[in-house]
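Chemist: Checked TrEMBL, it gives:
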TRANSMEM  90-108  transmembrane segment
TRANSMEM  115-134  transmembrane segment
TRANSMEM  140-158  transmembrane segment
TRANSMEM  170-187  transmembrane segment
TRANSMEM  193-222  transmembrane segment
TRANSMEM  229-249  transmembrane segment
TRANSMEM  279-298  transmembrane segment
Amino acid sequence: MNRTMAPLAGSSPTRAWLRRLPGWLVLIAAALLLLRTGLYLTMAAGAVRFPYQLDYGEGIVWEQLRRIASGRGYAPIEGFPTIVFHYPPLYHALTGALVRLTGADALLTGRALSFACTLITAGLVARIAALLAPREVARWTVWSGSGMAALITLGMLPTSQWSVLMRVDMLCMALTFGGLLCGMLALTRPRAVYLAALLFVAAVYTKQTALAAPAAVFGVLLITRPRTALAGIAATIALGLAALAALTVQTDGGFLRHIVLYNINRVDLTSLRGIPQNIVWHFGFVLAAVAGALGLFNRLRESRLRLRAPSWRAHLAAAPDDARAAVALLHLALATLMLGMKAKSGAADNYLIEWDCLLALCGGLALTDLLARSFGSPRSGGLPGLQGLLVPGALVSQLMMHPVPDIWPEVALRAHTPEAARLVAMIKAAPRPVISDDMVAVLRAGKPVLIEPAIVTELAAKGVWDESPFVAQLRARRFAFVVTTGLPGSMDFDNRHSPAVTAALAEAYPVRIDAGSNYLNFPAGPLPDYVRMQERAAR
């Protein structure tokens, strides 16, 4: 008797479609990421060319560059005027060299360097993701997932916002992830450890907190390739001490005083709110990263069981691919711990950039695994519970909720240009110096920055710097006017102006004009002609 056989489980078209659904969602997310990246690149190009301030910290970096170039970097800070140097000089030196080479504007050159380093960082994240992907999966899934890791890197809010600023962070990230890649390659190519050492030292001399990546690389190398690790550590120490000695001699000890003693902030736990806000905003990216990190750990555990290694040390020493995965996981763990450095006054979201790049790396691994599972490649390991519909669904949802990068659109920059130009014109016309929270405007007007309000407020609060000479000059009305962001009681104002400065400002500069992004504070009496002329032009 003939009977119609029921289709085998998993062989029906419906089941096949369901199996591939996560992969199709990943491809939809990839299309949305490509669209978002195109918008980001367009907006970033406009922001880089904007001639005025985008971020409070740009002006002081520009002024530091000018002083380093003229041999006045890391000078003593007693009295007034005074400039504190928050970071080592590599970013300033590279920007200055590019300015001399091209003759371009310093602000735009510094931003272009940051933007280029952002793209390099994204490329390095993709390369590391490809290196960490399982060897048995199809190459197209590896490069698709790795490419999405690069796009996620560019899609992270802190990364995209800081990518167009004249700040040290993105150069530091490019050097850090370059060192991370070389450190991973050193597991099978020992000489690569010397390039890793060079890049790690360069990263630290760009931003002194770039310690998580070298700690992860050398920590794993010590238990898997001790001779390679010791060679790399020795090279790192030698290069670092040589640079330190040169800077110490050149600055008469000022370099260490600025980096260690003067670059301080008060503890402020409210700054930690940026961490959960970052997670909520990027919920799809974060969920993919969690899946990728757990999948990586599971792969390590399963590999050890398969190899029957007696210890983790023996396992990682015998399996370079697994040792690279251990480096990535250790780097992520250390970067997570270093998020605690955000708990200080004035801390911005640049403290999240390295962590976000590592989340993008892990997210790319999860997406590689999803594509491999969905389209028939051999299984690459992971957590099916997280990597089913939840991860790609959350990713698509996030990208649909936030389709446009949250950086400066051209229309906003055009709207802000007249206001910024008027401020520059007033500072240029002023017969006396101007103190300004917008330090880019001071430099655009051809005048030097005399003080950076935020850091001296911290130093005065700690008793490291005597603010009385500055307060006395305020009370004596030695400045044409004072530009502040916000009003007393607001976070921006209070983080940048001590109670003594605030009182002197209220007494000596009681006339306040709302200039849009800033407030202009003038002495009592009629406004100067150059101010009234700009006000008439604004109407």
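Here, residue 1 is simply the first one shown, and the rest follow in order.
Any Cβ shown, glycine's included, is placed from N, Cα and C.
Automatic prediction, not curation, is the source of TrEMBL annotations.
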Chemist: If we call contact 3 or more Cβ pairs under 8 Å (sequence gap 6 or more), are the transmembrane segment (170-187) and the transmembrane segment (279-298) touching?
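Modeler: Output no: the transmembrane segment (170-187) is apart from the transmembrane segment (279-298).
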Chemist: Top stretch among 140-158, 229-249, 279-298 for CB pairs under 8 A with the transmembrane segment (115-134)?
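Modeler: Per the Cβ count, the answer is 140-158.
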Chemist: Which residues of the chain, 6 or more past the ends of the transmembrane segment (193-222), have a CB below 8 A from one of its CBs?
Modeler: 87-91, 168-169, 171-172, 175-180, 182-184, 186-187, 228-233, 235-236, 239-240, 243, 259, 316, 323, 326-328, 330-331, 334-335, 338, 341, 354
Chemist: Under an 8 Å Cβ to Cβ limit, what residues of the same chain, 6 or more beyond the ends of the transmembrane segment (90-108), are close to it?
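Modeler: Here the qualifying positions are 48-49, 51, 58, 61-62, 64-66, 68-69, 73, 166-168, 171-172, 202, 205-206, 440, 443.
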